[in-house]
Amino acid sequence: MKENFNVSKLKNGLTILTYNMPYVNSVAINLIAKVGSRYENPGEEGIAHFLEHMAFKGTKTRTAKQIAEEFDSIGGHFNAYTGHEKTVYYSRVLSENCNKALAIIADIVQNSAFAEEEIAKEYQVILQEIAHAQDNPDDLVYEKFYNSVFKDQPLGKPILGTSKTIETFNRDHFLKFTGKHYNAENFYLSIAGNVDHEEIVKEAERLFSSLTQGEKSNFSPAKYIGGHSFINKDLEQTTLILGFEGTSYINLERLYQTQLLAIIFGGGMSSRLFQHIREKLGLAYAVGSYNSPYFDSGVFTIYASTAHDKLELLAAELKNEIKRMAEQVKQEEIERARTQIRSNLQMAQEKVAYKSEEIGKNYAVFGKYISPEEIMEIIMNIKAADIIQTANRIFSSSATSAVIGPNNLSGF
């Protein structure tokens with residue numbers, strides 16, 4: 001329902017997106033900064049994530065405690081996260097408190113104090129976060145996996161950074177990074193719920209008046225490389241991650257062809273991997289596949305965990321299923337995958353948090369709003385031949401593999 005969607009651009013370049021859902025009593029606010037870990041220069045690894053942490057640590061007019069108290073006083077939820085290509089500051093509040101929440105978010109992205117004592121304290125917190133990731137087998141194997149996929153590139157490096165890089169950051173580093181990237185051209189303010197677009201535009205003009213226009217940030221093109229990595233670790237199970245060059249955001253038709261492929265291959269209980277690897281052979285409890293798109297690249301990932309002595313058999317069976325996937329797709333498989341996408345899309349439309357994130361992501365990635373109806377039109381036009389062609393394109397690329405457990409994989 002595009003009639004509920006509105007977009008405006010402020011004089012300084014800030015994009016304002018709203019989706020009105022008059023039947024709810026709340027709003028979800030997303031302030032998306034189109035800058036993540038892949039925008040970091042050598043020596044800056046981890047600064048985008050560290051900067052997101054500092055949002056909670058005080059501004060020129062609010063202490064960290066005051067920020068927490070103000071959000072609690074309006075019964076709001078506030079948090080943030082950093083990805084490879086974006087940083088998101090988000091909140092969920094009652095509609096009557098939208099402007100108050102927006103004022104706090106505007107303050108932290110424009111006026112963070114970056115006090116050295118707070119930086120020192122947060123450094124210790126992030127060190128613990130890094131240590132936790134190193135102790136988590138799933139986090140560890142995926143880190144090694146991406147190191148191989150995008151070797152020596154920002155996309156292949158951990159979002160958290162390393163203890164060596166983050167210990168060098170001081171106030172000047174944060175001011176330089178925000179000065180370069182935290183500008184109106186890189187921000188998208190998206191709000192969904194019981195919201196008045198014109199009121200939000202008026203409030204945003206006031207609250208973000210000190211945000212300079214700046215320039216859109218750039219990054220180096222990603223290049224899929226691939227390779228194999230092994231982590232020798234004594235665990236209850238061995239985990240195998242396989243990857244191929246997937247599909248980027250560039251082409252919507254290709255993107256949804258790949259999504260259908262991922263669902264048919266390993267996206268549900270009726271998927272080929274689930275039925276063959278788990279139900280028929282009993283080789284794995286968790287097995288599946290998905291595509292991770294980026295602006296200019298993508299990674300098609302297959303994952304499974306198995307008993308240590310079944311690793312070679314698991315790899316062989318996955319190889320066979322990959323070959324089969326590139327040869328034939330049944331119409332009933334396509335119909336089931338289409339229904340999964342349609343159901344998930346329609347149910348998600350009822351959630352203000354999803355809708356706010358959706359419209360913001362649409363504009364940050366595609367420069368336009370893509371309605372569920374448009375997505376389903378694309379999905380319904382995809383044929384079996386398209387999925388087979390997509391499977392052949394993806395699975396003909398160089399394989400990437402990562403194993404964590406006591407035994408390595410002899411080859412793939």
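Placed from the backbone N, Cα and C atoms, the Cβ positions cover glycine too.
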Q: Name the residue, out of Glu116, Glu117, Glu129, that Swiss-Prot lists for the same Zn(2+) site as His49, His53, please.
A: Glu129
Q: Give the helix, strand or coil assignment DSSP yields for Glu52 (active site, proton acceptor).
A: helix
Q | Neighbours of His49, His53, Glu129 excl. site residues, C-beta within 8 Å of centre, Zn(2+) | A | Gly46, Phe50, Glu52, Thr82, Glu122, Val125, Ile126, Leu160
Q.
Using a 10 Å cut-off on CB atoms, tell me which of the recorded positions Glu52, Glu129 is the least crowded.
A. Glu129
